[in-house]
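A.B. asks: Below are the features listed in TrEMBL for this protein:
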ACT_SITE  26  active site
ACT_SITE  98  active site
BINDING   312  heme binding site
DOMAIN    1-366  domain 'Catalase core'
Ligand code: NDP
Ligand code: HEM
């Protein structure tokens, strides 16, 4: 063998470069292409071309678990990511949501800390139930999402059997420049199907890839899963009244807008109908970004959303590279004009050679004021404040708890008790005090389940389970 065997050198060198960093969260995922069909008329709320009645838009969906690494089993209890990219004629609109309408925290400062509690302990390299419950019990705004996570809907059978939510309050604006606050809901037409913890153990014992098998297999078999798209709409100035009436901010990510006050308005239907040809280039290298919006869709003062607008493109530049937006899967289908230059692998950058700065006299692209978003209206003081002091963390989890039948409640109690295995008693007690405030029956039900847990675990060393 000689060094001149450059084909071998190329082959070995390429192999060494096959991996890119996995997503820091939502690493394990499953995706497919599809179509959004708009059947109703919401143009009085939004001028976006994607919402013109009758419009069909090609799209990509990627579903995921939050905490597990790329090799994690699919059927694990966790929140599911529900990320959508719509290749509209005005550019890409990404809605990077979850299968839950709320989130654990409402302040981006807390997000990295929250994720640390979901990932591995620095010393043991194991998941830590102690860290999770320590954090949740010190951040009671998490109660709503914790209740959903520990309920039946916390462990869907496949990505097709769950809803998707934009979760945040976003905004829509129409041709007259009027702004409306909006929440997006995708309701599964396949119905909700879940595994119990015990069923999931059996499932994972047989296959760790059940979501990939189900989604890929269903589409390959010619069956196309569908979701109905609905919105809830709040006129811009009503957010002030909403807060006065309920005590909740309309931009608080730990709360929903009650359907009774803000009914669901049908928009259309999303169908997944085409598998990717190459998982790595089309699903792994897909880059979903909440700041990808089109004229007629905008943001809101939700602090979490504002934090996310920075975080995602930053993650993409690190994980994929400077020109990640030019990869086939991420590229808009509409013409793209900008003045970005050079950098690592600037493939496909087509520029007018003389118009490489702005403003210029050489026919380079210019800003289009007709698509400018109407300005936000703010008044008062701006500062950093503690989110916890201002909200009622208990009413909405209570509304959810009261919707559960006896079977759902009993599974909720036992799922929580199981998840508390090995957690120090003072942390359990702090968390139980929050469940009591939601409903005494909630706290008591978990206490009872914990007793059974203790009996079942008698004689078993669970000291490792704290980590
Ligand atoms: P509604 O009775 O009008 O709506 C209840 C909502 O709860 C429906 O969207 C339904 O979704 C969903 N739901 C039903 N069963 C479950 C379950 N086992 N786990 C999770 N969600 C379920 O009431 P409100 O709008 O006043 O909300 C009451 C509570 O419902 C909220 O506190 C919240 O926890 C939960 N919820 C509310 C949503 C909202 O946007 N308002 C959205 C989702 C949940 P589906 O049609 O898919 O069954
Ligand atoms: C993925 C950050 C909150 C849903 C990611 C990634 C980062 C991130 C860095 C990896 C992106 C990549 O490498 O491609 C944050 C921060 C948050 C936050 C800083 C809060 C401040 C949320 C919320 C939701 C959400 C509230 C849902 C409502 C998702 C989804 C993905 C993801 C679905 C996977 C996207 C995909 O499939 O590629 N997040 N996140 N995140 N996040 Fe968040």
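Just so you know, glycine gets a Cβ as well, placed from its N, Cα and C.
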A.B. asks: So, three-state DSSP: helix, strand or coil for residue 26 (active site)?
C.D. replies: coil
A.B. asks: Please work out the mean pLDDT for the residues of the domain 'Catalase core' (1-366).
C.D. replies: 97
A.B. asks: Would you identify the secondary structure of residue 98 (active site) according to DSSP, in three states?
C.D. replies: strand
A.B. asks: Using a 10 Å radius around its CB, how many other CB atoms surround residue 26 (active site)?
C.D. replies: 22
A.B. asks: Take the Cβ of residue 98 (active site) and count every other Cβ within 10 Å, whichever protein chain it belongs to.
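C.D. replies: Other Cβ atoms found within 10 Å: 24.
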A.B. asks: Distance check, please: Cα of residue 312 (heme binding site) against Cα of residue 98 (active site), rounded to an integer number of angstrom.
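C.D. replies: For residue 312 (heme binding site) versus residue 98 (active site), the Cα atoms are 15 Å apart.
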A.B. asks: Quick one: pull the CA-CA distance for residue 26 (active site) versus residue 98 (active site), whole Å only.
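C.D. replies: Between the alpha carbons of residue 26 (active site) and residue 98 (active site) there are 10 Å.
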